[in-house]
Amino acid sequence: MAKLLLVTGLALLLNAQLGSAYNLICYFTNWAQYRPGLGSFKPDDINPCLCTHLIYAFAGMQNNEITTIEWNDVTLYKAFNDLKNRNSKLKTLLAIGGWNFGTAPFTTMVSTSQNRQTFITSVIKFLRQYGFDGLDLDWEYPGSRGSPPQDKHLFTVLVKEMREAFEQEAIESNRPRLMVTAAVAGGISNIQAGYEIPELSKYLDFIHVMTYDLHGSWEGYTGENSPLYKYPTETGSNAYLNVDYVMNYWKNNGAPAEKLIVGFPEYGHTFILRNPSDNGIGAPTSGDGPAGPYTRQAGFWAYYEICTFLRSGATEVWDASQEVPYAYKANEWLGYDNIKSFSVKAQWLKQNNFGGAMIWAIDLDDFTGSFCDQGKFPLTSTLNKALGISTEGCTAPDVPSEPVTTPPGSGSGGGSSGGSSGGSGFCADKADGLYPVADDRNAFWQCINGITYQQHCQAGLVFDTSCNCCNWP
């Protein structure tokens, strides 16, 4: 018994020294910079103390070699990897692929040993050149969407060869080994067509399971984006469309629980109801809900856009069977996640001994704290606390952007922030939040810690005080 207590004590001590047993892996998207006004997000807006790993999405591929995609990726890479100067424990990875990237470049690249070698060599050079700690393979999906059946095995071959090359390079360079991870499917048919789970799991450091987009307007009826459990009336393959089933499918088919990372969406899916009075789960729909003013994509709202909808008079419902909320207003219906559902899922994750949480994406959280009245990064912070991620020795940013110098009534046009502190003093005695600008309906004041920032709505929109949001006039 004394031995057992000693071993337990050592384990607890070791865990205290190493930090949390769980990982919090946060994606950043390089197109978030193009969102208007308060939605614009760059690496400098990331709080480096929240996540254990940050993943930059996405890189591309040309002639079987990894490449940049955006005109300013190299500049953003530096800002992204400089976050490690403020958190010495932070690891950064670069993701390649994504849904819009398709499958063809991956299929060509894995098809021959020479092509794979070309790719792996380019990846090592690229990651070391720009200061990343690993590569995240986001092939959606091997063996599906035009990818031939043999790609299931060739994906395993690629990952095995990459892991071996990374190990060899670490020895030769006397540097820590580069990590190799993958974002993988949550749909059972895509999993079966795409992954040799036991073999693949040997070589991947983490397996990021995309346990979201499980329902959407493509089905013709309402459904939750990322339900923890099935809805009671779901049968057949529909009963597989939940986080619990998907994660256990990966585990039961040969992936170690500690390598499996549960996907958490910081966004929701919107629908148009055919009949506004039929507004529960499974209600008939006629298509995507309207695009949000910042993310500008039909059927999709960032968490901060969701808060605007909720504050505009939507009815919120907690779906106890699936442990997630939904909301509706007139003919608009929303399936989403909130602080409560993130907390419930985090406890479930720990009870099942999974390796941690992955979020898509940190730029979709209420990163300014202006929309939800829950502080900055409320969803990501919920997971950080629930998983016991240590922030010791980490320096968080003070404010998300520079204060504005324009005094009220000067009618400044253009961007969403700029200049230095001083100027208006509008926020000196105001609570944190958003306020209208007296003579400019397109503009609004953002108050943070008594400091004044002037922001602008997207062209054509006006600041609406009924929802504290940018809206159509």
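Just so you know, the numbers here start at 1 and follow the chain as drawn.
Quick reminder: no glycine exception, Cβ is built from N, Cα and C everywhere.
Swiss-Prot has this to say about the protein:
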type	residues	note
COMPBIAS	410-421	compositional bias 'Gly residues'
DISULFID	Cys26-Cys51	disulfide bond
DISULFID	Cys49-Cys394	disulfide bond
DISULFID	Cys307-Cys372	disulfide bond
DISULFID	Cys457-Cys470	disulfide bond
DOMAIN	424-473	domain 'Chitin-binding type-2'
REGION	394-421	region 'Disordered'
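Structure coloured by features recorded in Swiss-Prot.
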residue : record         : DSSP class
Cys26   : disulfide bond : strand
Cys49   : disulfide bond : coil
Cys307  : disulfide bond : helix
Cys372  : disulfide bond : coil
Cys394  : disulfide bond : coil
Cys457  : disulfide bond : coil
Cys470  : disulfide bond : strand
Seminar exercise, completed: Counting Cβ atoms within 10 Å of each Cβ, the densest environment among the disulfide-bonded residues Cys372, Cys457 belongs to Cys457
Exercise. In angstrom units, rounded to an integer, how far apart are the Cα atoms of Cys49 (disulfide bond) and Cys470 (disulfide bond)?
Worked result: 30
Seminar exercise, completed: Top of the disulfide-bonded residues Cys26, Cys307 by count of other CB atoms within 10 A is Cys26
Seminar exercise, completed: Whole-number Å distance separating the Cα atoms of Cys470 (disulfide bond) and Cys372 (disulfide bond) is 14
For this session: Among Cys26, Cys51, Cys457, these being the disulfide-bonded residues, pick the one whose CA is nearest to that of Cys394 (disulfide bond).
Result: Cys51
Problem set entry | Cys49, Cys51, Cys394, Cys470 as disulfide-bonded residues, winner by CB count within 10 A | Cys51
Exercise. From the Cα of Cys372 (disulfide bond) across to the Cα of Cys26 (disulfide bond), what is the distance in angstrom?
Worked result: 20
Exercise. Looking at the disulfide-bonded residues Cys307, Cys372, Cys457, which has the shortest Cα distance to Cys51 (disulfide bond)?
Worked result: Cys372
